[in-house]
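Submitted below is the structure of interest, expressed as structure tokens.
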Amino acid sequence: MLISQSWLTRILQTSNPQWSVSAEEFDAGFVRVGFETEGYEAIPETTGPLVIGRVEKIEELTEFKKPIRYCDVNVGQANGTGELQHIICGARNFAEGDNVVIALPGTVLPGPFEISARKTYGKISEGMICSAMEVGLASQQNPGIMTISDADLASANLKVGDDARELLGLQDTIFDVNITPDRGYALSARGLARELASSFDLQFRDPAQDPAAAAMRNDLFAGLPGTDGEVQALKVDEDTKCSKFGMRKVTGIDPQAESPLWLQRELMLCGQRPVNPATDVTNYVMFLLGQPMHAFDADKVTGELHVRLAKKGEKLTTLDDVERTLDPEDVVISDESGIQSLAGVMGGSTSEISEATTNVLFEAAHWDQITVARTCRRHKLSSEASRRFERGTDAAIIEDALDFAVALLVNIAGGQVEEGRTLVGAVPEMPMITIHTSLPGKTAGKIYPDGTTISRLREVGCEVRETGSRDDNGAREIEVTPPTWRPDLTMPADLVEEVLRLEGLEDIPSIVPTAPAGRGYTPRQRMRRNVGQALAWAGYAEILPTPFIANDVFDVWDLPADDPRRLTVKVQNPLESDYACIGTTLLPSMIESLRRNVTRGQRDAALYGVEQVSVPKSAKPFSPMPSVKQRPGAEELQELLDSLPAQPLHVAVVATGNRQLQGTWGEPEAFTAADAIESARVVARAAGVEITVRNAEYLPWHPGRCAEILVGDKVVGHAGELHPQVCERAELPPRTVAMEMNLDALPLEETFPRPVLSAFPAVLQDIAVVVDEATPAQDVEDALRAGAGELLEEIRLFDVYHSESLGEGKRSLTFSLRFRAPDRTLTEEEASKSREAALQFATEKVGAQLRA
């Protein structure tokens with residue numbers, strides 16, 4: 001929030017007349033009570049003759065592409081001669097007789113921009129008529145020149161030719177205070193002044209009830225008519241969650257009136273552009289008290305105002321001239337002619353204040369925080385009002401805000417306040433929180449003086465009552481009721497934070513506890529680490545799969561309707577509506593990542609990811625969220641636990657293109673289904689388990705090039721080549737391969753005894769066998785392994801050969817066999833006997849014949 005140091009200082013000086021600090025101390029004061037400032041900046045200095053002038057004559061120059069005015073301006077004796085200054089200006093919002101700010105030759109405006117007499121548009125221009133931005137009061141260009149009323153000059157005891165700096169308040173500093181979402185009360189001068197009073201140990205008078213405390217006229221509220229009776233018929237529907245709604249009315253204002261300079265200045269320094277007195281008053285009250293308001297042109301409101309939920313398809317053109325289609329969850333204010341406002345966010349254009357408005361209806365309300373936040377998100381629309389309603393406002397000051405608004409408007413634009421006030425609803429009841437006074441000290445590890453907790457909570461604005469009870473250490477029990485402007489205080493921890501914040505977070509001792517002895521990784525963590533390292537060493541690049549998958553991905557895969565992978569967890573408020581499901585498999589995310597790599601030119605890619613998936617236990621919807629006001633009961637907790645999905649840890653691999661690139665070492669080698677199966681073996685070795693593979697049909701894999709991975713008799717994953725249609729629909733090259741395994745299904749303890757490491761040499765032999773084309777290579781390998789006996793240490797398939805000479809429907813499989821004895825040097829004869837035994841057993845089991 002942007003706010004000037006002078007505004008906050010004036011509020012605090014009403015109770016502390018002599019108080020004043022530097023900008024650096026001001027900044028430190030914010031930090032001391034837990035508020036960060038994005039920065040602070042003094043209004044840029046203007047040097048030289050910056051004076052008040054009066055426009056005496058305007059000559060319109062029409063021979064140029066845009067309208068130009070040649071003005072005669074009276075600057076008194078400021079120019080040393082008393083003669084009129086002749087100044088060229090392109091702005092159109094001032095007239096003869098208006099008081100303006102003049103930068104005479106020799107003035108250096110912020111920029112720096114030096115003013116000198118020079119010829120332009122065929123005339124000599126002897127200075128500049130300034131806008132608010134040009135003198136440093138506004139950060140954005142305001143439409144036109146800044147004019148000063150005679151009343152502003154009289155109140156400051158100034159005349160034409162006098163220096164304008166003091167009137168403009170150019171000796172000031174602007175602070176940009178970072179307000180966290182839980183502290184909506186601080187989005188106001190009232191809230192920040194209260195915090196600074198605590199920081200500097202000052203007295204504080206609440207400006208909500210006392211105009212003098214807001215550094216305004218003591219008699220501002222004097223003469224306000226009574227509030228008996230209604231000024232506007234009103235109906236508030238209960239389902240809108242509007243707890244309080246109030247209105248007051250002003251009639252007969254001067255439609256040509258302008259806001260005084262002091263009001264325009266405060267708004268500009270808060271980053272708000274002055275518009276007209278009625279709108280400026282609502283913005284000023286919002287920045288002063290933190291209560292957003294809206295001003296209706298009362299003559300454009302017909303019949304009863306109705307606070308209700310929008311109907312589907314209703315439309316509203318908001319003040320930013322955008323037509324919006326409303327949602328049934330949006331809260332609106334309507335009358336007999338239609339919708340007039342999007343509640344808590346922005347008013348409608350049909351009843352906005354115009355240059356002809358003479359009767360104004362002010363509205364102030366207390367809207368539901370969540371409803372306003374969802375409306376803003378839904379319409380991608382944010383405003384100063386919605387920022388405050390989203391964070392929570394003070395329902396207790398609605399009447400005060402209305403009184404401020406009507407009194408200020410009458411003071412500025414004339415007219416009279418209509419007797420009566422429409423008020424529906426009441427201030428929501430604040431929760432009572434019970435704590436012991438020792439809790440802040442226990443939390444901080446610091447002993448605070450007796451009474452600190454009570455005094456600090458009262459300083460925040462809480463009502464504190466001692467119950468008379470004490471804990472075992474003698475600490476008093478107190479019942480605390482937070483103030484209405486602090487809806488964020490709901491539990492003991494919130495009260496502890498307030499005490500520690502005001503006592504000084506920097507005073508809490510920084511004592512590092514003794515770290516317990518490390519126990520290392522758990523077996524599951526060790527498995528995950530080993531698997532990741534093994535795949536990385538095998539040449540795969542790690543990615544972090546997103547848990548969200550496209551709603552239609554399983555339709556793209558043509559999965560059967562009864563496939564259990566279709567039963568997914570649905571997210572109620574997804575980041576993207578097309579990705580509202582939490583995956584039961586990692587492959588959709590892996591395939592999408594591979595697609596992005598391929599489309600960006602990475603044709604040869606091998607990726608792996610290790611992440612949890614979510615597998616619902618049933619199609620039953622989740623239990624509703626429990627209340628946060630109390631701990632859930634045992635039955636409610638069990639129901640919640642039963643409804644949570646299982647979240648097994650999966651590992652997945654996808655690869656496409658060439659496994660080995662072309663080079664001096666040889667021709668390129670493409671990824672095949674065998675590489676996907678080998679990645680499963682890499683995972684198994686890293687996890688310390690033994691797997692087997694066999695043919696399978698399992699989408700999204702190719703039905704003839706898919707293997708299921710087993711540990712014992714349990715299927716733990718699949719690997720192979722993706723289905724051609726899946727590749728085409730996913731925009732992947734043909735013959736892309738993939739593997740996915742359930743790591744949680746792998747046993748933590750090895751299912752086979754660790755082999756004894758032998759120091760004796762191994763004997764390597766190869767064997768080539770001819771088998772039927774339909775015989776799985778795994779079956780042949782298993783038969784050879786079983787027949788070779790205990791001397792066989794490793795068997796590996798390294799060649800598959802097809803030829804007409806082998807016979808129709810035949811193929812050759814060549815295996816490398818490694819034999820080793822644990823207690824002696826193995827001879828070639830012994831190894832050959834084991835090889836012959838392996839061949840004989842394979843012949844009996846799978847019909848394998850030794851290849852000639």
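Keep in mind that glycine also has a Cβ here, set from the backbone N, Cα and C atoms.
For reference, Swiss-Prot lists these features for the protein:
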- ASP488, ASP494, GLU497, GLU498: Mg(2+) binding site (BINDING)
- 44-159: domain 'tRNA-binding' (DOMAIN)
- 428-510: domain 'B5' (DOMAIN)
- 758-851: domain 'FDX-ACB' (DOMAIN)
For the recorded Mg(2+) site formed by ASP488, ASP494, GLU497, GLU498, name the remaining residues of the chain with Cβ within 8 Å of the site's Cβ center, in chain order.
ASP182, ARG486, LEU489, ALA493, LEU495, VAL496, ARG501
Among the binding-site residues listed here, ASP488, GLU497, GLU498, which has the most company in the form of other Cβ atoms within 10 Å of its Cβ?
GLU498
Treating G and I as helix alongside H, and B as strand alongside E, what does DSSP give for the domain 'FDX-ACB' (758-851) in helix, strand and coil?
34 helix, 32 strand, 28 coil
I'd like the number of other C-beta atoms within 10 A of the C-beta of ASP494 (Mg(2+) binding site), please.
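The Cβ of ASP494 (Mg(2+) binding site) has 15 Cβ neighbours within 10 Å.
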Would you list the DSSP helix, strand and coil counts for the residues of the domain 'tRNA-binding' (44-159)?
6 helix, 44 strand, 66 coil
Can you see whether DSSP assigns GLU498 (Mg(2+) binding site) to helix, strand or coil?
helix
Using DSSP reduced to three states, classify ASP488 (Mg(2+) binding site) as helix, strand or coil.
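It is coil.
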